[in-house]
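A.B. asks: My questions all concern the structure below.
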Amino acid sequence: MELFFNPFDNLVCILLGISFTVWFTLLLVFIIVPAIFGVSFGIRRLYMKTLLKIFEWATLRIERGAKEKNHPLYKPYSNGKMYLDSAPEFEMSDIFYFARRGVESIMDDEVTKRFSAEELESWNLLTRSNNNFHYISLRLTVLWGLGLLIRYGFLLPLRVTLAFTGVGLLVVLTSVVGLLPNGRIKNFLSEKVHLMCYRICVRALTAIITYHDSENKPKNGGICVANHTSPIDVIILASDGCYAMVGQIHGGLIGVIQRSMVKACPHVWFERSEVKDRHLVAKRLSDHIEDKTKLPILIFPEGTCINNTSVMMFKKGSFEIGATVYPVAIKYDPRFGDAFWNSSKFGMVNYLLRMMSSWAIVCSVWYLPPMSREGEDAVQFANRVKAAIARQGGLVDLLWDGGLKRGKVKDTFKEEQQKLYSKILHRCNGSF
């Protein structure tokens, strides 16, 4: 039998080989190697500035087109508040205060709107961020189509490649480092491996991060607490310093990553049956922070993801241990991509695909001065830390429990509102 070779097939194979070689060479030179040494060429920040110029132009085109064609545009919703007169004079119209508060609680309460993506005042050329999208002009539509092609045709494959590279290197290298005996060399290599892999994963999201007040970065023997918006909060913080993670042991790919990481670094993983044992959790955390050679623990006390407009109630568990707490405030810029994970709407894979198909992830991180308990209980200390994070990040400080995302309101919160209304009624009755 004679074999026939098509020259065209050979040419295709050669071109594909050259394409893959160029692709991975660019990844190695411009992304992976800079991630290893923690340097940046400034390409991402230039990309961010370019996007801002395009968004400004698109917004102006939308406003002009809407004005000419009378298209309905999104207008920021302003929430007015009703304040009672300080003079205790009762009028029949006062009952409308309670009716209005009830209607406001249904239409625009300050809790449930924290569990959905915030609206943007200007369009970022993503249809997912504008539910009232209308055709305005041909040039704007062409620009949107070009952006779609860039995000899904170039950025998404690049980011997926980087993500697999970062996670793969993390699993392999931490497993190798875990074979070394405990000591300074192992700790040094573990830190370098974690930083390199997390920085590659950060580049997989085209994350542009600005760190402030690095002199306050968490130190060994302490607990780092931060507001929680997304699972990528961990990557954002760990790309600037190493932490001991705390969490439940999982199966599948996440379980493989956890088992490899703990070989190189003493992370604190719990079995499902152990998570609800508060005393066991506190004991494990206390034992970890007493060893000053171990990394600071990273904890998100809210216990759930909030849409980065507010900070909700901190669980008191991590504040009962008595360790030094290092507060960290994280604020995302939603103009480039919404980092909030609405877990009741999107699964993890779907969420990550949305992140990787966004323009970029832009955020600021503030390291606040360390804080310790000053003659206060754990709840008061947690509230003080939470207030500091909210103030620095420009977030709304709320006392509500993030568990309301899936549960019912606790009776204690209902009683507080009842006491507030009773005081108002008492003032009104005193006016007769």
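Cβ from N, Cα, C; glycine included.
All TrEMBL annotations are machine predictions without curation.
Feature list, courtesy of TrEMBL:
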DOMAIN    222-333  domain 'Phospholipid/glycerol acyltransferase'
TRANSMEM  20-43  transmembrane segment
TRANSMEM  136-154  transmembrane segment
TRANSMEM  160-180  transmembrane segment
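Could you tell me the structural context for the features on the list?
C.D. replies: For the domain 'Phospholipid/glycerol acyltransferase' (222-333), the DSSP counts in helix, strand and coil order read 39 helix, 26 strand, 47 coil.
Within its own chain, the transmembrane segment (20-43) is flanked in space by residues 158, 161-162, 165, 195-196, 199-200, 202-203, which lie at least six positions past its ends and keep a Cβ under 8 Å from the stretch.
Proximity of distant same-chain residues to the transmembrane segment (160-180), defined by a Cβ-Cβ separation under 8 Å and at least 6 residues beyond the stretch ends, is recorded for 23, 27, 31-32, 186, 189-190, 193-194, 196-198, 200-201, 203-204, 256-257, 260-261, 263-265, 352, 356.
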